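Scroll down for the structure; my scribbles are underneath it.
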6 protein chains.
Amino acid sequence: MQEARPQRIDQRSPAQLRGLSLTPDFTAAALGSVLIATGRTRVLCTASLEPRTPKWLAHGGWITAEYAMLPGATSPRGRREASGRSKEIQRLIGRSLRAGVDLAKLVGPDGGLSIVCDCDVIEADGGTRTAAVTGAWVALEIALRKLVASDRLATHPGLGPVAAVSVGIVAPGGADGAEADPVAMLDLCYEEDSRAHVDLNVVMRGGRPGALSPDGRPGLVEVQGTGERGDFSRAQLDRMLDLAEAGIVELMAAQQAALNQVGV
Amino acid sequence: MQEARPQRIDQRSPAQLRGLSLTPDFTAAALGSVLIATGRTRVLCTASLEPRTPKWLAHGGWITAEYAMLPGATSPRGRREASGRSKEIQRLIGRSLRAGVDLAKLVGPDGGLSIVCDCDVIEADGGTRTAAVTGAWVALEIALRKLVASDRLATHPGLGPVAAVSVGIVAPGGADGAEADPVAMLDLCYEEDSRAHVDLNVVMRGGRPGALSPDGRPGLVEVQGTGERGDFSRAQLDRMLDLAEAGIVELMAAQQAALNQVGV
Amino acid sequence: MQEARPQRIDQRSPAQLRGLSLTPDFTAAALGSVLIATGRTRVLCTASLEPRTPKWLAHGGWITAEYAMLPGATSPRGRREASGRSKEIQRLIGRSLRAGVDLAKLVGPDGGLSIVCDCDVIEADGGTRTAAVTGAWVALEIALRKLVASDRLATHPGLGPVAAVSVGIVAPGGADGAEADPVAMLDLCYEEDSRAHVDLNVVMRGGRPGALSPDGRPGLVEVQGTGERGDFSRAQLDRMLDLAEAGIVELMAAQQAALNQVGV
Amino acid sequence: MQEARPQRIDQRSPAQLRGLSLTPDFTAAALGSVLIATGRTRVLCTASLEPRTPKWLAHGGWITAEYAMLPGATSPRGRREASGRSKEIQRLIGRSLRAGVDLAKLVGPDGGLSIVCDCDVIEADGGTRTAAVTGAWVALEIALRKLVASDRLATHPGLGPVAAVSVGIVAPGGADGAEADPVAMLDLCYEEDSRAHVDLNVVMRGGRPGALSPDGRPGLVEVQGTGERGDFSRAQLDRMLDLAEAGIVELMAAQQAALNQVGV
Amino acid sequence: MQEARPQRIDQRSPAQLRGLSLTPDFTAAALGSVLIATGRTRVLCTASLEPRTPKWLAHGGWITAEYAMLPGATSPRGRREASGRSKEIQRLIGRSLRAGVDLAKLVGPDGGLSIVCDCDVIEADGGTRTAAVTGAWVALEIALRKLVASDRLATHPGLGPVAAVSVGIVAPGGADGAEADPVAMLDLCYEEDSRAHVDLNVVMRGGRPGALSPDGRPGLVEVQGTGERGDFSRAQLDRMLDLAEAGIVELMAAQQAALNQVGV
Amino acid sequence: MQEARPQRIDQRSPAQLRGLSLTPDFTAAALGSVLIATGRTRVLCTASLEPRTPKWLAHGGWITAEYAMLPGATSPRGRREASGRSKEIQRLIGRSLRAGVDLAKLVGPDGGLSIVCDCDVIEADGGTRTAAVTGAWVALEIALRKLVASDRLATHPGLGPVAAVSVGIVAPGGADGAEADPVAMLDLCYEEDSRAHVDLNVVMRGGRPGALSPDGRPGLVEVQGTGERGDFSRAQLDRMLDLAEAGIVELMAAQQAALNQVGV
C-alpha cells in the first residue's frame, strides 16, 4: 500500500535511476567525448592525449581527471576557481578510471601515453561526481579504441567498464511537509541529496566480456559514505550497496549501448 | 570567373558567414542561456543574476562577463587556468554587453542588479570571442525579459542588440599549396585565422525597434585590429569593416529569430 | 598453525592495533591539545577558539579542521605547501568532528562559537588521517569541557566520541620475498599501506554514556574505501568493517583514559 | 572664430600633441633605455637581453613587453599587483614591437635572442599604453644597434619605427560647465579620456629609410577603439584615424631625433 | 702614504660617501616624492595618503613601505615578482620610517591617517635599501608638511630625520688582483658588497631642531649586520658603527638641504 | 638591594636564560632532529637531505632553512600561510647555519649535498627565531655526523657551533603597574618582548675544539637590533651584546651536552 503514493519528489521509486542519456562524440577536438545527462545533471566529458607522462612515472602510461563546474551550472551562480571539493572529486574520478585500465599496457610506439579526462558540469542537479565517472569512462574508452585503431596502442589496455552512482538514506517528503521515515534511495537529485541522512558514492568495475568474475557481479572500486545527520548502521550500509550495485549494472548497459553507436 | 573556384578551405565565399545556430534555454539553472554554434566553434553562454553590485558602483546596475575555454575544446588540450588572453577577452565581452544596456535602469525594487554572463567555449575553431559576444547578448536579453516579466525590473533597459564578428585579410590557399593574393574575408575559422595577415574583431550595436539611427545602420562599439604579418592600409581596414557590418546585420537577424522561440 | 609465523612486518596479528599513546595538554596555548602516537605515526592536535563563525552560518556554532604534514615528517622530505590530498583529508576530519557535536548547542553568551582543530603530522608512518581524527576529537573534547567549565557554554554539546582507523586487504610478505594471499588487516603502517590491495578508512561515533544505541555498538560516520590494485568484493568489505569496529572500540577506550587524566 | 576660445582643458587645439620629451639612456643597467614624457605622463622603458628564447619558439628570436604602473604614479595610489588591464596592455605593446622587427633575423652567434621591454609608468595622466609603445620602440632600437655594434647581431633586423597615440571623441568642457558637441581630439590626457565618448588607440609602423611604402605613409599595426558612451560611426572612426596618423608622424620624428643623440 | 694608492674601485676613501643627489617633487601625483641617487643607485620614493588605517589599529595613524626593483634596474634583468628579500626590505623601511613619527599624532579631522611610502629602484648598484630609507623619509616629510599646511594635520608629528647607510668590512682589490687586508668601508657599491666579509646596514634618527639628545648625536634605530664570510669581532662592529654614524650625519644634512628647496 | 625584588615577570634575573632543554632525535624520519624548549617556547627542528643542490650553485653544497609557526602555537590561533615575517626569519636561520659549515666541503661521492633545516614552532612564547637557530644547528650537526659515519661525507665540514639569543631593553613591570627604568635583559619571553624598547637578536659562532680564536670568544654572525619605541645608544647596544655573548656561551654548552647523548 505504501508504494501506492509517490515516494520521491520526481515520482521515482526508491530503486529507480533518473532518466539517462549518453551522447558520444559530442565534441570533435578531443580524442574521445561524451555528454552524459542523468535527470537535469549534465556533464561534458572529454578524453585528450597528452604528449608526456608525469615525471615520477617510471614505466607504463597514466590517466588523470579534472573536474569543474561551469559557474552557470547552478543557481545561484558558482565561482570559477577550483575549490577543495573539486580537487577531491577529480582525484576520485582519476583513481576510478585508472582502476579500469592496465596502465602497464598504456604504452605506444614512442613510450608511455598520458590521457586527461576533463569533466565539466554544464548543469548540476546532484550526482555530478558519479555522472562524471560514468561519462568519463565512455570518453576514455572511445579514446582507447581510437588509439588501437590507429596503431598507437598495440592492444586495448581495458580491464572492464567503470561506472558510479550515488545512494542515500533520505526521508521522503510527504504532501503535508512532514518527513516520513528515511529509506534507502538510488541516484539522488540535489533536493534529495541536501535532505539525506547518509550520502554514499559507489564506483564499481564490471567484468570484461568473456572474463567475468566467478559470480558475474561487478566489483567495488570506491566506496565513500558520509553520515550527514549523525551515524548509520551496517544494515543501512548494506541496503545502500545493494541499490548501488543494481543501478550500476543498468548504467553499464547504457555505457555499452552508447559505445555501440560509435564507429570505432 | 575568379569566383568559380572555391575561395576558402570550407568552400565559403569571402563574404559568407559560417553555418550558425543559436539554441536558447540550453540550460535551466541560469536565468538566461544559449548555446551558439558558428561552424565548429561552440560557446555556452549563460546569464546569472548576482545578489549585489560591485562596491565601487554608486548607482544603477552592472554587467560583467567571464570567458574560458574548456581544456578539451582544443587539440592539443588546453590548460584550465585563466590566461592573460582570457582576461582580455572577458573584458571585451563585458564592455560590449554594457554598451547594449542602459545601466542606470538596471535597478530592481531592492536596488541595482548585477548580471554575470559566462561564456564557456565547448569547442574552438576560431572566432570564439565574437561568438561569445553574439551569444552572450541573447542570454542576457532572455534574462532581462524574465526580470521584466517577473517585475524585478520596471522597464526593459536594453539599448539594442549587440553582435560581433571577426574579419581578416587572408591569402586563400590554392590547390597547389601556393598562396594567392590576400583578400578580405568574413568570419575566419581557425585555419584561416592562423594564416591571416590582418585580424579584426568588430562589435556593433543595432538600433532599437522604432529608434533606429538616421541611416538605419548599426553603430560601432568595439574595433580591434592587429597586423599579424606587418602593417595594413586604411583601404584594407575599410574593406574589412564593410564585410563585418554586413555579417553583423545577418547575426542580428539570427539573434532575433532565436529570441522569438523563447516564451518571454 | 598459520598464526605461528609473524603475519606482519612489525609482528602484529591482523586484528591488532599499533602501540598507542595519547598525551593530552601537550601544548598550552590552544584551548585543547593532544599528541597522539600510533606506532611511529605522531600527530599534534590542537583545538582553538575562533572569534567568529563563518559568514554563511545562520545559527549555531561551527567546527573545522586543518591538516598538514611537517616537511621533516617523511623521508624523503615533503613539501610545505598544502596539496589536494591535504585539503581532502582536512575536509574528512572536519566532517567527522562535526558528527560528534550538536552544532546548534555550540553557542556562547555572545553567539555561535567556532573551533578550529589543527592536525599537524610530526612523523608519518601510515594512518595519519585516522590518527588525526582520533586525536583531534580528544583535543576538541578538552576544549569543550573548558568552555563549559568557564561558562562560555551552557551545556556540553557532545554527541559521543569520534574515532577512526584504517583497515586494508594486504598480502603479508613472506621471509622469502614472496607475497602470501592477501588478508584483511587493522591499522596499516606505511609499508603495509603501500602494498595494500584495498585501503579503507572508517570513522565511527560511540554512544553517549547513558544514551547508547539499542545494540550498544558505535555507528558509522565515514567510510572511504579504495581498491588500489583492482576491485574488491562485498565479503572483503564486511571483513574489513568488522576489524575496524573492533579497533575503534579500543581507540575509544584509550580516548576516555586520556580524558580522565585531564583536570576538566 | 570657433578656434578663438580654448578647445581643451590644457589649451591645446584638437589636433595637437602634448609636450613631448624622450631621454635616451636614462638608466645604464639595461641594454637600451629611454624615459618618455608626454604631458604629465612619464614612462621609463628599458630593453634587456634575456639568455634564452621561449621554449615553444622553433627558430628566430623573440620580443616581449611587461607593463606596470608604479603605485605612486596615480592619486589615489594604485596597487602593485598586475591587473588584467596590465596584462592586456603588455600584450599590445609586445605585439606592436614585434611588428617592427624581422624576428627571423634576431639571431646571434649562439642562437635566437630574446629581448624584454619593461615599461614602468612613473606618472600617469592618460595615454600610458601608447607612450609605452612609442618609448619602448626607442629603447629596443638602441638595444638592437648595440647588438649590431658589438657583433652579437650580423644585420639590424628592424622593419621601421613603431609609434602609438590615443585619439578620441570628446565633448570640450565649456567655461560654464556645459559640454559642447563632442569632437575628435588627439593625445587625450586623463581628464579628457575619462569624459570621452569614444577612445581609440592606434599603433603604426613607418617605412624604413629608402624602403618607404608607395604612398610614403606609415601603415596600421593595431587599432583598438571602444565606444565608452554608446556606439560611433564610420565617419567618426575616419576622423580619428586621420588625427592619429598625423600625430604618429610627429612622434616618429621625435623618436628619430632622440636616437640621433645616442652614440650607437 | 697608504692613502696614495686608490683604496676603492671608484677611488673613494674608506670613509667617503658616494656622490649623492636628492630631487624632491620628482613626480606630482603622490603627496610627497623624491628621487634619490647615490652613485649609480637610484630610487624613486613616493609618499601617498591612504583613505584608511589598518583594521587592527585601535588609534592613531600608520605608515608602511613597499619596496620593489624595476626589472631593468639590474643586468641581467630581474624578475617583477616580489621576493622574500623584497618583503624583508620593505618591513625594514616601514619600521625605520615609523621610528621618525609620533603615530599617535598622525590623526586628521576624520580620524587616523595612513601613509604608504613606495620605494622603486630604478637602477641598482648596491645600498638600495638604505637609499630607500633615506629617500623615503624625505618624501614622507614633504607629505607631512603638506598635510600640516592644508590643515589635515593639526601638528607636525615628526620626531626627527631618519637616514640609513651601509658599511662593511671589505678587502680592497689591488692592482695585481690580490686582495689586501679587509678594512671597514662606508657606503658599499655592488662590487664591494659582493666581496664584503661583513655587511652592516645602519638606520639612525636625528634630533629635532631644538630638541637634540644630550650628546647631540643621532640614535640607532636599526642595526642589521651579517658575517658573509665567517664571523666578526666586537671591535670590527664598533669601527663600522663609527663610520656609519659619520655618514648618516652627512646624509641628514643633504636631506635638510633638499627639503629647503621645497615650498612647504 | 635592588636585586632583592624579582626583576622579571618570571622571577629571572636580567642576565638569566630561561629553562632550556634540547631533545635530540625527537623524530626518526629526518636525518637529524631536535626539540628545543626555552621556557614555554618549543621548536621542532629537523635536518633533511635533499637529492640536489640549487641550480645556480656552481660547486660545493648548500643549506637552507624553513620556518613556520603551527597555527595552534599561539593564542589567538595564527594563520597557516607563510607571512613576510616567516620568510625573513627563515632567511636569517639559513644564513646563520651556513656560517657554521664550510660549504665547499659539503660534497659527497655523487656531488654537492643540500640540507634543509625545518623549524616548526610548536608553542610560541617569544624568542622563536633564536631558539630555531640554536636547535637547528644541533639537528644539522647530527645530520652531518651521520653523513660522515656513513661515508657520504669524507670529512666533517663544520666550522664551529652556531647559537642565537634575543636581548632587549625592557622596563621591568612593578607590582603597582608602574614601569621602572628600562634595563638590558637576556632571552626575552613574549610578554617582555612586547614591552621592549629595543629588541636585539644575536647569532654567534663558537670556535672549533682546538681551533679557537685567539681570545677564545665566539664571534658575531648576525646582529639584528630594532628600536621599538624610539632610538637607542651605542652604550645600550654594548650592554646588550655583553649579555648576549654570555647567554650564547651557555647555549653552546647545552648544545654540546645534547650532542653527547647521541650515538653518532
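Glycine is no exception: its Cβ is also placed from the backbone N, Cα and C atoms.
According to TrEMBL, the feature domain 'Exoribonuclease phosphorolytic' maps to D:16-143 (among others).
D:T128 (phosphate binding site) falls within a helix when secondary structure is assigned with DSSP. The feature phosphate binding site is assigned by TrEMBL to D:R85, D:G127, D:T128, D:R129.
Summarised by DSSP class, the composition of the domain 'Exoribonuclease phosphorolytic' (D:160-246) is 19 helix, 35 strand, 33 coil. TrEMBL lists D:160-246 (among others) with the feature domain 'Exoribonuclease phosphorolytic'.
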Residue with minimal Cβ packing [other Cβ atoms within 10 Å] among the binding-site residues D:R85, D:R129: D:R85
Additional residues surrounding phosphate, by Cβ distance to the D:R85, D:G127, D:T128, D:R129 centre under 8 Å: D:Y67, D:I89, D:V121, D:A124, D:G126, D:T130, D:A131, D:A132
Pairwise C-alpha maximum, in angstrom, for the residues (D:R85, D:G127, D:T128, D:R129) that bind phosphate according to the record: 14
Neighbouring C-beta atoms (10 Å sphere around the C-beta of D:G127 (phosphate binding site)): 25
Counts of helix, strand and coil residues, the domain 'Exoribonuclease phosphorolytic' (D:16-143), according to DSSP: 37 helix, 45 strand, 46 coil
Model confidence over the domain 'Exoribonuclease phosphorolytic' (D:160-246), averaged pLDDT: 87
Under 8 Å by Cβ from D:T128 (phosphate binding site), same chain, sequence gap 6 or more: D:T41, D:V43, D:M69, D:I89, D:V121
